[in-house]
Amino acid sequence: MDAGRRGPLRRRGMASATSGAGRCRLSKVGAGRRPPPARVRVAVRLRPFVDGTDGAGGPPCVRGLDSCSLEIANWRNHQETLKYQFDAFYGEKSSQQDIYAGSVQPILRHLLEGQNASVLAYGPTGAGKTHTMLGSPEQPGVIPRALMDLLQLTREEGGEGRPWALSVTMSYLEIYQEKVLDLLDPASGDLVIREDCRGNILIPGLTQKPITSFAEFEQHFLPASRNRTVGATRLNQRSSRSHAVLLVKVEQRERLAPFRQREGKLYLIDLAGSEDNRRTGNKGLRLKESGAINSSLFVLGKVVDALNQGLPRVPYRDSKLTRLLQDSLGGSAHSILIANIAPERRFYLDTVSALNFAARSKEVINRPFTNESLQLRVLAPVKLSQKELLGPSEAKRARGPEEEETGSPEPPAAPASASQELSPLQKLSSMDPAVLERLLSLDRLLGSQGSQGTHGLNTPRRERMVLMKTMEEKDLEIERLKIKQKELEAKVLAQEAVDPKEKENSSPTMLRPLARRTVTVAKPLKKAVVMPLQLIQEQAASPNAEIHILKKKGRKRKLESLDASEPEEKAEDCWELQISPELLAHGRQKILDLLNEGSARDLRSLQRIGQKKAQLIVGWRELHGPFSQVEDLERVEGISGKQMESFLKVSPAWPLLPGPGAAPSFNAALPCPPVVQANILGLAASQR
């Protein structure tokens with residue numbers, strides 16, 4: 001039975017459609033197309049028998065068939081075997097160099113392309129994971145061999161004359177009981193795992209050491225390896241009690257335009273082995289460590305199953321280990337899983353579990369992409385001399401008369417460096433032919449893709465030189481204008497510090513501050529004042545009282561002139577109440593006629609005369625005859641003296657209605673209440 005092919009094609013298609021979909025949008029190169037898939041490659045290594053262990057002389061439970069497949073006894077039926085097929089199988093006689101050259105070395109080239117890569121060592125405790133990753137001085141493992149080749153590649157690609165400048169940094173950490181600890185700086189404490197806006201996993205505060213040679217790597221790595229937590233169990237005298245992760249970052253910067261940047265990460269991970277506490281005999285702290293290890297490995301298996309089944313949620317955040325391996329499983333890295341197994345029969349269940357996990361892991365699909373970005377190079381500020389900033393005419397004036405007579409044999413040098421940095425177009429004549437050829441090919445490529453291309457590259461030489469010269473002159477003119485503006489501002493500030501007398505004697509061309517806006521107060525609204533009746537009667541009784549007609553009259557107001565001379569007088573309009581006596585007598589007679597001859601409807605047109613009072617006046621007139629004077633209205637039953645006083649205001653003269661077409665007028669000195677005035681105006685309107 002072939003257990004390595006148990007994943008159906010439908011699962012594989014779903015995994016390829018879902019895994020890494022969130023990463024492909026983060027690619028800066030080729031964002032318009034989806035990155036090609038890359039399946040997790042799985043290699044299985046069978047360690048030899050360990051001397052001094054039980055069953056060392058017995059037959060193994062695992063046997064290799066060829067370089068890619070193996071078989072293991074079926075515990076349910078001893079007459080059958082389970083067959084597994086992987087990308088590579090390394091038997092008992094395989095060396096460290098075979099494993100490194102066959103599975104790990106090919107992925108190092110991806111780091112120089114700005115892509116991520118990861119190598120994971122998985123297996124039960126005592127299966128040889130740490131030996132595979134670290135090795136020994138006589139047989140170095142994956143980590144020292146990979147660092148030696150990677151540093152050699154960076155030296156070759158980042159040498160003199162190469163288009164890229166490369167730098168390598170390293171970080172080393174362990175995950176111990178769900179705590180992220182920095183092995184290069186053990187005093188830093190528990191670190192947190194974050195994710196930036198681009199989806200990259202990072203650890204703030206993690207120590208990064210730059211390395212340029214393998215000796216520098218050993219100088220940092222060997223002391224940090226001694227800080228890793230290890231312990232003794234029944235199955236392994238030096239068992240790893242934590243997951244160790246070595247992070248190597250390769251940064252590239254392009255030396256020429258467009259100054260691209262690339263960043264590739266290499267994860268070298270030595271996972272702690274799963275343990276059966278019944279066989280290891282763990283107690284106390286070892287039991288707690290074993291529980292944390294098994295829990296993280298269980299979440300790792302859940303992540304692999306979720307990726308294979310195409311589930312919408314992958315439980316990366318359920319463990320610190322899976323959170324850190326988010327790029328390696330279903331992410332954007334070229335991943336290699338090295339499953340280490342033991343041949344002894346007492347490790348049979350652990351071996352079957354490791355092979356099943358490896359078979360599920362090879363169905364996981366990653367989508368690596370090039371992590372590349374563009375960074376514009378900032379030009380340093382240009383400092384021009386005074387002669388370069390001044391124009392030819394101003395420079396001639398600045399030279400003294402002696403220099404003009406003798407003459408200067410040296411012509412003014414053109415600010416070549418300044419113009420070269422100020423202008424976006426460099427002088428193509430002084431450019432390297434190889435760089436010029438690359439720029440022209442880039443311009444042709446952009447033109448073929450429909451873009452406008454770089455202006456000025458394909459322009460004829462004479463027109464290009466004229467264009468560059470014009471741009472240089474414009475830049476110099478801008479600098480001269482800036483200097484003039486600063487000088488004018490300095491003059492204005494100096495002039496403000498001068499005394500007021502000197503400021504008056506200064507030239508009229510000097511800039512003056514703007515005059516403040518004068519705020520005028522609005523004139524008060526005109527009000528009509530009603531004077532008391534007694535005051536009006538007193539004024540009318542006085543012999544000096546004057547009677548006038550209502551007319552518009554001006555009132556003078558004193559104003560201060562600007563020259564501080566005599567105050568001027570300005571007329572202001574106002575109204576005065578002046579009443580004619582003849583008009584008052586005529587109006588009195590009209591009201592009397594209305595009382596004697598008017599009907600109840602006509603009487604209601606008067607102020608303070610309603611329906612009831614009009615009927616009383618008509619009834620009284622029929623019984624007692626016509627009114628002889630207006631004051632007889634008080635004798636009408638139902639009209640009190642106070643009402644009569646408020647209606648007529650007994651006075652020697654009453655307002656009279658004018659003739660047709662004439663406007664009524666009133667006497668301010670005679671007592672004419674507002675009610676009577678309203679009656680007169682109402683009668684005048686009815687006559688019209």
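Placed from the backbone N, Cα and C atoms, the Cβ positions cover glycine too.
Computed from a predicted structure; not experimentally measured.
In TrEMBL this protein carries:
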REGION    1-37  region 'Disordered'
DOMAIN    39-364  domain 'Kinesin motor'
BINDING   GLY123, PRO124, THR125, GLY126, ALA127, GLY128, LYS129, THR130  ATP binding site
REGION    390-425  region 'Disordered'
COMPBIAS  415-424  compositional bias 'Low complexity'
COILED    471-498  coiled coil
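Overlay of TrEMBL annotations on the structure.
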residue : record           : Cβ neighbours (10 Å)
GLY123  : ATP binding site : 28
PRO124  : ATP binding site : 23
THR125  : ATP binding site : 23
GLY126  : ATP binding site : 24
ALA127  : ATP binding site : 27
GLY128  : ATP binding site : 20
LYS129  : ATP binding site : 27
THR130  : ATP binding site : 23
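For the recorded ATP site, residues GLY123, PRO124, THR125, GLY126, ALA127, GLY128, LYS129, THR130 set the reference point as the centre of their Cβ atoms, and the other residues of that chain within 8 Å of it by Cβ are ARG47, ASN236, GLY273, ASN340, ALA342. Summarising model confidence by region, the coiled coil (471-498) averages a pLDDT of 88.
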